[in-house]
Every structure is written in C-alpha cells, then in structure tokens.
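Trainee: Starting off with a structure, shown below.
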C-alpha cells in the first residue's frame, strides 16, 4: 500500500521547510507536562501562540518573539530548537505569570488537569450578551480583550486572560473530557465545547460563562467542532461516520453529511465559508459543498484506496487533523504515516510534504506562512529528558 497514487513521484513533491521546535522543560518526576500536545492555536490577531504541553501546562508565547528566536538563537534554521529558557526566566514552580521586557508577555498556565483543547477568543464591544440583565456581570469585555479557553480531562473549561495570565472563569457542566473548543468568529464570545460525554455545549462568556444550550445528537464521543465564518453554522464530528451541521440561531440540527467510512475527527470551514473540510480515520479528507450536501473533492492518503469495509478498521493512514490556510486555497493534513501533506483544493495530489512523527493536530498562522503541529513524545527516553517537540513548517510550495 502506498502513500501516494502511482501518478505521483514522492521525490517531485515540494518539501515544506522545518523552521524549529518548542520543547517542554520537564524535571525528573514532573507530572505537569511532557507527553501529548493535543492542541495548538494562534490568536485571531496573530499576536500569540498557545500549545498544550501534555499534562497540565499550557504555554502562551508572543508569536513574533517566537519566530525571532527560531532565526536568531539558532544559526541552522533547519534543525533549530526553541528552548523556553531562551524566552524568559521561569519561576521556581513554573506556574506563575512570566514577564518579558516590554509587551506582550509570555505566560505558563497550570490548568490543574490534563489539557486536551485550546481556543482563543476576542471580543467585539457591540456584540452584546444574549442575557438581558447585564448589570450584575463580573466581567466587561472590551475591544482589547483576548481570552484563552482550555478544555480539561475532568470536563472543566478554564477561561484565561491572555495578556495577564489571570484565570477568569471556571466552567463546570461536562461529565467527561472536553475534547475541543471553538469561539464564534463574530466577537460575541460565544464558546462551543465538544466532549466525550456525547454533547456539545454553548457558553456565553459575556454572560459570565452562562451555559446557553446543550446540543445532543451524537451517539458517541464528539471530537471536534468548527464555526462557519459568519457564525451561523456549527459543524461537529466525532466517533461515527456522520458530519453534523447545526443552525446556531435556533440551535437545531440542519442535516448530516454522509460519505466517510470511519470516525470523523477533525473539521474546518474555509475562510469564505464556501467549503468544509473533514478528516477521518478512513484515510481521507473530504472537501464538501455543505450548502448542497455534496462532496467536491476527496484527498486520499492510502493507495489503492481501501474499500468501505477495510476503511472502517485500523490502518496506518488515519488522518488526525485538517486545517484550511487563510487564503482558502490550500489545506494541510496530518496522518499516521508520519507526514504532513499540503494540498491545493484544485488538485487530488499533495503539492508539498514534510516529515512529522506521531502528529496529532495542526493549525495555520494567521498570515498562512507557518503551520504549527503538535505531536506525541517520541520515546520513553525523550519523555524522561523532558523533550516534547512542537513542529513549525513554513509552506514553501506556494509562499
């Protein structure tokens, strides 16, 4: 079985440029960090990057300073590793706010439990809370507020002020792992959480985190959710073959998209809202015209393609994550065959590739020049040494 169709020569594909890695500093017997990076995220304004360090710790890093460290601190950009000690001086317990010279600031957040999901949210003042009586609210979010939501193993969601590192809200209603988080793009600070308890929950952070609605319909774990750019539609996927589309004005199920042959684990709308990409363990990424419930493009990661029966089982081409580039014309996918693929939405074969061992998640920077990808620790030895790579690959095929 091959990773590419017979018409594609792997040596002819473009090679995305590896520019560096972030390492989690783990002391012996430290149980706060050092395993899977289940989530990576860029803030909407491009100012911050966040990544989960495996257990309890989330790092918030000013993105500009991060990029400079890749190029300045290491002469060889191909193999550069960004050591957190180069960015700042840590406190003894590494759980306090970390201050850099000038703004913005770097923070290390101890979330108290294993972190599975991250999402940035920014406020637009004219977007009011859905709650009528707002006089008693503890928090008044202005235009300059930037929040980070963290979803935890115990079902809790913690909301942090990105600029201060202060914990603002502790949301408690899920009964199992919060596997994914997503903010409405309209600045309303409506947050959706997807959980292994088979539900999606909608929270109004401008109403002090009041839970607005519970969406039920998934029969098993919910892995991922994504808003359309106009915030009117929510897509959710999980342990099952269907892709769910929800009306976010009425909180009702619009329809289910059928076409995958195994669990669907990742989803994302194109920036213009015209397309929807979903990734599945069936070895495919499907690009949908979700308005008409039709499949426009299938991006295969195993050749010849498995039959529906075999696609529903274990294989070494499970697609773990998919991400649209900001230009809307390119897609990145991460698969168990230790490759990142960069696709054009006009082609059925990847335009460029990059190596990535044990990849779990990916996200494009706001300018589309960099792809961040989280992965598992590479070996027991590396876990003990506290090495937890974050890969960042610049897409050279179309930059």
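Cβ atoms are placed via backbone N, Cα and C, with glycine included.
TrEMBL lists 171-213, 215-256, 257-298, 319-353 with the feature repeat 'WD'.
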Trainee: On the 0 to 100 pLDDT scale, where does the repeat 'WD' (171-213) sit on average?
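Mentor: Over the repeat 'WD' (171-213), the predicted model scores a mean pLDDT of 96.
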Trainee: Could you give the residue numbers and ranges of same-chain residues that sit at least 6 residues beyond the repeat 'WD' (215-256) on either side and whose C-beta is under 8 angstroms from one of its C-beta atoms?
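Mentor: Contacts with the repeat 'WD' (215-256): 179-180, 182-186, 188, 190, 192, 194-196, 198-202, 262-269, 271-273, 276, 278, 280, 282, 288, 290, 293.
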Trainee: Going along the chain, which residues at least six beyond the ends of the repeat 'WD' (319-353) come within the CB cut-off of under 8 Å?
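Mentor: For the repeat 'WD' (319-353), the sequence-distant neighbours (Cβ-Cβ under 8 Å, at least 6 residues beyond its ends) are 3-5, 7-8, 10, 13-16, 265-272, 274-275, 277-281, 283-285, 287, 297-301, 359-364, 366-368, 371, 373, 391, 393, 395-398.
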Trainee: How does the repeat 'WD' (215-256) divide up by DSSP, counting helix, then strand, then coil residues?
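Mentor: So the repeat 'WD' (215-256) is made up of 0 helix, 25 strand, 17 coil.
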